[in-house]
Structures are given as C-alpha cells and as structure tokens.
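What TrEMBL says about this protein:
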COMPBIAS  422-446  compositional bias 'Polar residues'
DOMAIN    562-612  domain 'Cationic amino acid transporter C-terminal'
REGION    420-454  region 'Disordered'
TRANSMEM  37-58  transmembrane segment
TRANSMEM  171-190  transmembrane segment
TRANSMEM  197-217  transmembrane segment
TRANSMEM  229-255  transmembrane segment
TRANSMEM  267-294  transmembrane segment
TRANSMEM  314-338  transmembrane segment
TRANSMEM  366-385  transmembrane segment
TRANSMEM  391-412  transmembrane segment
TRANSMEM  499-521  transmembrane segment
TRANSMEM  527-552  transmembrane segment
TRANSMEM  564-583  transmembrane segment
TRANSMEM  589-610  transmembrane segment
Amino acid sequence: MATCSTGCAPAVRLCQRLNRLKTLDGDMMATSLKRCLSTLDLTLMGVGGMVGSGLYVLTGTVAKDTAGPAVIISFVFAGIASLLAAFCYAEFGARIPKTGSAYMFTYVSVGEMWAFLIGWNVILENMIGGAAVARAWSGYLDSIFNHAIQNFTETHIMQWNVPFLAHYPDLLAAGILVFASVFISFGVQVSSYLNHIFSTISMGVIAFILVFGFVLADPANWSQEQGGFAPYGMSGILAGSATCFYAFVGFDVIASSSEEAKNPQKAVPIATAISLGLAATAYILVSCVLTLIVPWRTLDPNSALADAFFRRGYSWAGIVVAVGSICAMNTVLLCNLFSLPRIVYAMAEDGLFFSIFARVNPVTKVPVNAILVFGILMACMALIFDLEALVQFLSIGTLLAYTFVAASVIVLRFQPEKNNSKDTTTTSPNVNAEVSPAPSESQTITEDSEEPKQYESFSDKLQLVERQRTRERRGVGHLKAYWEPYLDRLLGDCEPGEVVAFCVMTLIVSSVSLCAVLEFGNEQLQFPVWCFTMLLVIFTLAYVLSLALIWIHEPQRNNQTFQVPLVPLTPGASILFNVFLMMKLSLLTWIRFTVWIAIGLLVYFGYGIWHSKEGLRELQPKDMAARYVVLPSGSLVETVQSVQPDGQVVTSAHQISSSAAPTAAEAAGKR
C-alpha cells in the first residue's frame, strides 16, 4: 500500500497543479489599469458588440432560408437563451471585477488548466471574429464602389488560388485593423469615445429604419398567399433560433471591461441587462420591418435591408443603411480589439502566458504590447486568409466559454467563502497535508462524531463554539436543514461544496450525452426505438437528479452584488442549451478545435505551468506553521511545525490551560 501511495504521489501532485484555483486579493478594486468606465460606457460597448453586421445580413438570411417572418420568434428564443448566459457573466463581472472574462471566472472556481484552455479558445475566437468583421467591412465598402478596390488589387498587386487563402490580399481590411489598434492603444477612454460615436450613429440609423420601415409596411406580406407567418413551422423557428443566438455573443465585452469600470458591482449587471434588451429589441423590430416591407421569399441574403428599400423605390435609403452598417461593424471591430488584449493581459499577469504581454503602459494604463501584437496578428489573418471557412470555428469557442462560466456560477455559489487574509497564508499547505500530530496531541472535542478536528487558530475554536450554539443555521455547501434527517447519513461526511462539484460534473456529462442521443441517435447511430427512449430517460433523469442534489444544499446569499436567479436551474439550462448548439457544429469544426486545443496544451505545459504565479506562491518558503488542538478538558494544545530545508517537519507542542486561553489568542494575534 505504501509503495502504491509513493508511486501515485507524482500523479496526485500533477492533478493538484492542473486544478489549482486562483487566489484573489483582499482588495478586489485594486488594479494597474484605469477605472474610468461608467454604466453608459459599458452599455454602449455591449450594444456595439452585439448589434453589428448581423442586423443587416443575418436577419435576411434567417428569414429567407430558415424561418420566414417567424424569424421574430427565433430572435425572441435566442434572446432568452442568451439572457441565461448573460446572467452568469453579470454575476461574475460584479463579484470578481477583474479583466479576463470567462478565463478569470473559470480560474477562480474550476481550475488552472481549464481556465487556460478557455482563455486560449477565447483568444482565437476574438482573432478570427475581428478579422472576419474587418473583411466584411472591407467587402461592404468595396461593393458601394462597384468592387473597384478588389479589381485594382487583383490587377496591379497580386492574386492567388491557394486553399484556405483569400483570392487576393485584403489591404483595406488589414489597414483598418492596424489603424484601430493604434487608436485603442491610446487608452480606454479613447476607445470608449470612438465606440460612443459609432454606436450613436448606428442606433440613429436603426431608428430611421424602424420609423420609415413601418410607414412602408404591408401586412399582406405575412398572408397565406405569401406563405404565411411561419412557413417552416416550429422546426424552422428553432433552427433559426440556433443561428440567431450568435447575434448576441458580444455581451461578454462588458465582463472583460469590469476591471476598468468605476463601480463594477452595479455597472456590470445593469449594463448587461440594458444592452442585451436593446440588442434583442433592435433585432426583433428590424426583422418585423424587413419581412413587412417586401415578401420574405424575395429577400437578398447579402444586403437584405438596403435591397428592400431599393425595391420599394427609395434607393437613397440604401445609402443611410450602408452608413449604419459600416458604423455597426466598426463597433464590433472595436469590441474585439478591446477585449482580446485584456484576456491576453490577464493570462500573462497570472504567469500562464508570456510575461511581455502583462506590461501596462504607465501613461495610457492599457496593455499596449498585447494590443499592438495581437492587432497586427489579426490584421495578417484578415490580409491573407479566407475566413469564411473558419467563421464557424467562432461558435465552438463561444459556447465552450459559456458552458464553463455557467458551471462556475454553480460551483462558486455553493462553495464556502475562503479567507484570503495574510494570517491564513502563513500556514504551509504541504505541512498540513503530510504531517499530523501524534494521536495523543490531536484528540479534540467533536460535534457528533468521534473524528478529531483541528483548528488553524484560537479564533477558529471560538467560531466553532458559536456554531454549536446556532445549530439551526447551516453553512454554505451543507445540506439544507429540511433534508438533513433524510440524506445526512449518505452525504453528511462530504466536505462543503464537494457534492455540488460532483453534481456539476454529472450535469455536464448528462447534458452532453442527452444532446448526443437527440442529435445522432436516430440517423447516424440508428438506435432502435427502445434503446433511443431508454437512453433519453436515463440521461434526462441524471440531469434532473443532478439539479435536485445541487438545490438541496445551502447556497451563498450575497445582497451586495448581483446574483443569478433560480440557481442551479438558470445556469443548468444554459449548459444544456450551449451543449445542444455545440452538437450542431460540423465534424471539421471539431477537428480544428482539437488541433487548436493540442497547440494550447503544448503552450501550457511548455510555459504556463512552470511560470504560474499560483504555483510560485505554493513554492514560497514558510518557516513556521502553527495549529491549535482542542482537548476534551477544554484546554488547547499549540502544535508548532517548523519546516526544515530538506522538507522534514519537526513538531513540538505545549499545552495552554483554558484559563490562559485569552493570552494564547493575544499571542496568536501578535504572530
């Protein structure tokens, strides 16, 4: 047995390193960045991140090919699904006002390696997204001039026919990315001012489209002669919802900006709710106007709004729509260039990515190195790559981040608060794990069992006495008092939050299994009806049972910051919906995702795991560790463990009588 324990020790230590959590400082508002963003700034950033070219292109595409005029209902369903994920981001952004978004949220609740992989995927997501928007911006502007820019480039510069590369270098797209990166490097206020200008123009154009569009509306375009309101039925509405869901993915820029917000506890949830509401309202009303102006069958998927006004005889309105479209794409571009460097900065600040990206300019208070380097990389992608084949890759990174953030909300909600004060960091974790006092020194008073309990300080013993006086108040992560008589024998020995963490893992596994059976069970796998039904019942029961077991535990109740309502139901539903959409992605997307994950693991194991600040914190020398053990007589034994250079521990103890307890407490305070 000893040989097995010795042989497994390296694997255990590796798992501990991969799953170590980020230690948050006591002052959550302390930052090297500049806190200058108001609620209005964050709201306009969220609107700019969501209301982009999709408003001018996606609405027509879904209406013509997928849902018909019922695209309105598709956007309603997509908005509700996005609200589930937005709730989770809003809670974390208010509770942990640090840059890094999904990466940071995963690091403080799930583990280091998982956080790195989430950050790694978000980096690629933002790079591809920004480059794709830049190419769309360039193509839209080029179409206004009858493709003169493309023709000049192909004729006088170069063109090529290589797989995965564009037919010609898009110099305009690369130039706008470099230009925008330089502007953003001047400071967060410059970025905010630019976003204000473009968002205001974009919202003005949307208002024009709605007012003028409803004037031209013809209800006959929803009649049965034109195919009716929902020509593709409920299946078309749900398929359209899956596509429309990606129109709302830009709200995470608000959480990425929380470290630069003046009052993130209030600003982040308010800005998230308002921006998501405005974006959903804009998409729903514009879809309504678009399908009422012209018959939905005749829509042009590439420029639906401009073409609709043109065919109604108002070609000048197309120019207004074009201006709004370019401004909307500018806001999305700014949001990508704004959030990407901050995620890189957060990873570098934690030691998981190259330290050069953690440097903040002392004047502008922004990570200039990360902005310029990744802005140039994004420009190179827009210059030479055919991004149409890679755009679907955006979805998997976004959905994976949403899933981990929702899971993190559940884990953190049922996890007891950790004391991050300096007094608690003076005890060596290795000493606590590997060394225990002699049996005669570690006998303690217990609450209901014979198992000994140890206390880090005399104040911990006093807190235990107080808890014994108020047995009816259950701690966070414990079973609720109502369920204790029924399940305490089964779950009572588990550590607080341990059952919840296991149930979250079961929740994710059952969601993946359930969605896989629904998506592939009948066609690809060709299960018999009895097998298909049995698997659905098993995985559904596992999903529901996991939610129920989480619900019977005591959650944290924090009235100071925003909290997701109906936990674990809200994040659980978000996990299920995100996994379902991930199952809709193509096999080629999953292959590319696997390759990118493999590259990320090489970076993590080659650099991140060795330079992690959490790992360096664990290796810091700790000369002395002290524990207080309660004896049955009510007196204390102070156990002092000194760490020797060779890793051995020398333990000494002396007894403190109960009458001398205040003196011991004072001594502990002085230490």
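Every residue gets a Cβ built from N, Cα and C, even glycine.
Quick caveat, the model's predicted, so the values are computed rather than measured.
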Six or more residues out from either end of the transmembrane segment (37-58), which same-chain residues have a Cβ under 8 Å from its Cβ atoms? 133, 136-137, 140, 188, 192, 195-196, 198-199, 202-203, 206, 243-244, 246-254, 257, 260-263, 266-268, 270-272, 274-276, 278-279, 282-283, 286, 301-306, 321, 324-325, 328-329, 331-332, 334-335, 338
Cβ under 8 Å to the transmembrane segment (366-385), counting only same-chain residues 6 or more beyond its ends: which ones? 33-34, 123, 127-128, 130-132, 134-135, 138, 164-166, 169-171, 173-175, 177-178, 180-182, 184-185, 187-188, 336-337, 340-342, 344-345, 348, 356-360
Hey, which bits of the same chain come close to the transmembrane segment (527-552), Cβ under 8 Å, at least six residues off its ends? 410, 414, 479-480, 483, 487, 499-500, 503-504, 506-507, 509-511, 513-514, 517-518, 521, 568-569, 572, 576
Between the transmembrane segment (499-521) and the stretches 171-190, 267-294, 314-338, 391-412, 564-583, work out which stretch tops the count of Cβ pairs under 8 Å. 564-583
Counting only CB pairs under 8 A, let me know which of 171-190, 197-217, 229-255, 314-338 has the most with the transmembrane segment (391-412). 229-255
For the domain 'Cationic amino acid transporter C-terminal' (562-612), give the DSSP counts of helix residues, strand residues and coil residues. 40 helix, 0 strand, 11 coil
Ranking 171-190, 229-255, 267-294 by Cβ pairs under 8 Å to the transmembrane segment (314-338), which is first? 171-190
Using Cβ atoms and a strict cutoff of less than 8 Å, what residues sit near the transmembrane segment (197-217) while being 6 or more residues removed from its termini? 44, 47-48, 51, 55, 282, 285-286, 289-290, 292-293, 305, 309, 312, 314, 317, 320-321, 323-324, 327-328, 330-331, 334
